[in-house]
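First up is the structure itself, then whatever we jot down about it.
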């Protein structure tokens, strides 16, 4: 601990609001919090010799890594230990907060898992920020690696019956749904009224159906163009919302997530989506439990009952279909890819 109660980090470049700023950083020795950068005299000083200092990454979509998938649930104690291991690993690759993604499973499985995903701080690790439920309100024509037999319509399967009412008020922070399903728009209104964010994905929806969901409170697109209708010049689909002006007086263009791992999107397409609306673009890894593991074939699990093959950053169902099941690249690698593919600077990519 410093006798001056704070430490000055000098000669560094700070990533602030998409710009690289030459400045110092002041950190409280008592709390570890970053303080205002001016008005401090004394304290310890550390010369960072021009190093870049960036905020920690926030991972909006990760299904697991290092051999653990977030649908792997035996009991609360073991699950918490595995979550802690993931959180401990994530901070070593620059992630300081994550939403654990639970893809389509049964209602019983959702309700077993979600109580363990309440937001919590994990010492010396990335913080668990809650759950991202990717399903079961998805469209079967865009099922991706999800089990379509478990899909539900919002009009006949209320959210409380799927996730559990108490989990909606504690653990669930984001839900991906297909806006063209019956009852999707009323469900969006209900969820956003409960401070649960809604993202649109695994969908064949038209541009107009997406715009209606945005007007009802949806604010994001899930892994844009993956498991989604393609961008057509006359029928743009959900992806056309990326650069749209306000679709309604209270509905700006959504945030749009992309997976810039070189597998889910061609580099030119990733660059196009980023440049269309840089301030609304969110990088995600969509990692699965194969991330951080050696290449090879691995068994399935609750979401994907088929063997899976990992080859570098590519993870596919090992049934000859070559269906992508998720990502194996880290967010840091995604940031590096975006810089290389678009020419943007490190601060903007961060």
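Numbers here mean position along the shown chain, with the first residue as 1.
Using N, Cα and C of the backbone, Cβ positions are placed for all residues, glycine too.
In TrEMBL, annotation is done automatically, which means it is predicted and not curated.
The feature active site, proton donor/acceptor is assigned by TrEMBL to 286. Positions annotated as Zn(2+) binding site by TrEMBL: 134, 202, 223.
Residues 61, 103, 135, 138, 144, 146, 176, 199, 201, 222, 226, 227 surround the recorded Zn(2+) site, their Cβ atoms falling within 8 Å of the Cβ centroid of 134, 202, 223, which are themselves excluded. The local packing around the residue listed as 'active site, proton donor/acceptor', expressed as other Cβ atoms within 10 Å of its Cβ over all shown chains, amounts to 29. In the structure as shown, the Cβ atom of residue 202 (Zn(2+) binding site) sits within 10 Å of 29 other Cβ atoms.
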